[in-house]
Amino acid sequence: MANPQTTRVAVVGAGISGVLAAGHLLATGLEVTVFERNAAPGGVWYAIPFSGLLATREADAWARLYDERTPIEPSYPAMKPSKADPPATNEQETSRFMLQHAPPGPCYYNLQNNVPTPLLEVSLKPWPDGTPDTVRHDVIQRFIQDMSIEAKVHDVTRYEARVKKVVKDGAEWKITWSTPQVGLQSETSEFEQVSPFDVVIVASGHYHAPRVPDIPGLSDTKRKYGSRILHSKEYRRPENFRNKNILMIGGGVSSIDIANDISPFANTIYQSTRNSKFDLVESMLPENGVRVHEISHFEIQSHSDEPLSDDEPLPLTIHFESGQNLHGIHMIMLCTGYHITFPYLEEYHSDETTLQDADENILITDGTQVHNLYQDIFYIPDPTLVFVGLPYYTFTFSIFDFQAIVVAQVLSGTVQLPTETEMRSEYNAKVERVGLGKVFHSILGTEENYVHDLLTWVNTSRAAQELVAIKGFSPRWYEAKEALRQKYRAQVNK
């Protein structure tokens, strides 16, 4: 298949996937513009803008190196994926406007990487010598921001630029984007612009739109007791859970990490799971953590409108599918993940279509996967729409780096895309092999195979042009993966 005719490339997002994509593209000589709705790079690791971060690097102000604000609360249950990013209203109160224009991410006070730094290696920048396996969020943010500066991505990034709409108009893409404008009376509005591009790379991540399950009674409980129920994206500090009994819904990474973070302050932490294949083992919970069954429904026991005192538990019975129930809970935290959503690509969403009924043009149905991509990267009907950063349950930085390398090789003309028929055949084979939904973008345990397939394709073209082959994972990466595997095995056998 003929490669996209590429001169102008837009990258949506300046988290790790966007910085990697833009950096590799710039290295090939392409014209790149990055749109980032925050004031600096970093994505989920974003804390404070460049000026503040650079000014405090030698100071002891690390305690404020994250966004203390909490995002606007999600709907209970969650909105449809295509509506997961409601538009800001012009001339509204500034702080709320900015919460919508550039919502705070899930970064919290004690957030650290849960994958060792050697497994987060990228080709654009090595980790500094002596970097520990585990570091605070501000260290990772600094790493991404330094990479952005060194790779010249910072120079081509439009900050505080929210992408509102991306549409194909003939042979080019039109991106509608806005920046905030503060008026004389401190009211905030948007200045909107439209810019044309040949290729759009979606690198906006999938930790934006909270997935709130439709458990019977949960919406009523939230409506009545408000701040006692929150999504993990809203979590900031463990001290807020002092002497409380906490119910956490979900058994994945965020649930385990936050449970361990609040453990020194909380009384008992109950973790409700559905025994998903992606749940982490119970032994990873802290000593005051207890795993319980899947929730059947919530039952409010009091209809009084009197506010609860801070140390008073919710007048609530939590019923489990096992027939058991639970009382005495002070707070409920939903660690239930996120919708995959691209609200600026609304015409490619089809909220009412089932996974199985998605046609060959739809990108998003129920928010659990992106349809119709070749190698989780190229939109098969139109490869001028590209995605970097979709795989999960993996070692994100390294995988996204290889994706970005492939994109740069294709868009620069070094590597040819397969025909549309060949890409469609590969996609259909993957659907048959792994299934639809959440599992589709998981490459848990198969990272090496995924990267091998990408590099076999790329290096075949490079060899034909007598170009040096692109190398895969380093020996250090393999050593770190084996060490992590042994550590997890020991945890399972506890």
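Cβ coordinates are placed from backbone N, Cα and C, and glycine is handled just like the others.
Region 'Disordered' is the annotation Swiss-Prot gives to one range among 73-93, 283-303, 346-366, 409-429, and that range is 73-93. Neighbour density at the Cβ, taken as the number of other Cβ atoms within 10 Å, is lowest among the binding-site residues Gly15, Gly251, Gly252 for Gly252. In the structure as shown, the Cβ atom of Gly18 (FAD binding site) sits within 10 Å of 30 other Cβ atoms. The 10 Å shell around the Cβ of Ala14 (FAD binding site) contains 31 further Cβ atoms across the protein chains shown. Taken residue by residue with DSSP, Gly250 (NADP(+) binding site) is part of neither helix nor strand, so it is coil. Considering other CB atoms within 10 Å as the measure, the emptiest surroundings among the recorded positions Ser17, Ser254, Ser255, Asn459 are those of Asn459. For Ser255 (NADP(+) binding site), the nearest of the recorded positions by C-alpha distance turns out to be Gly15; the candidates were Ala14, Gly15, Asn459.
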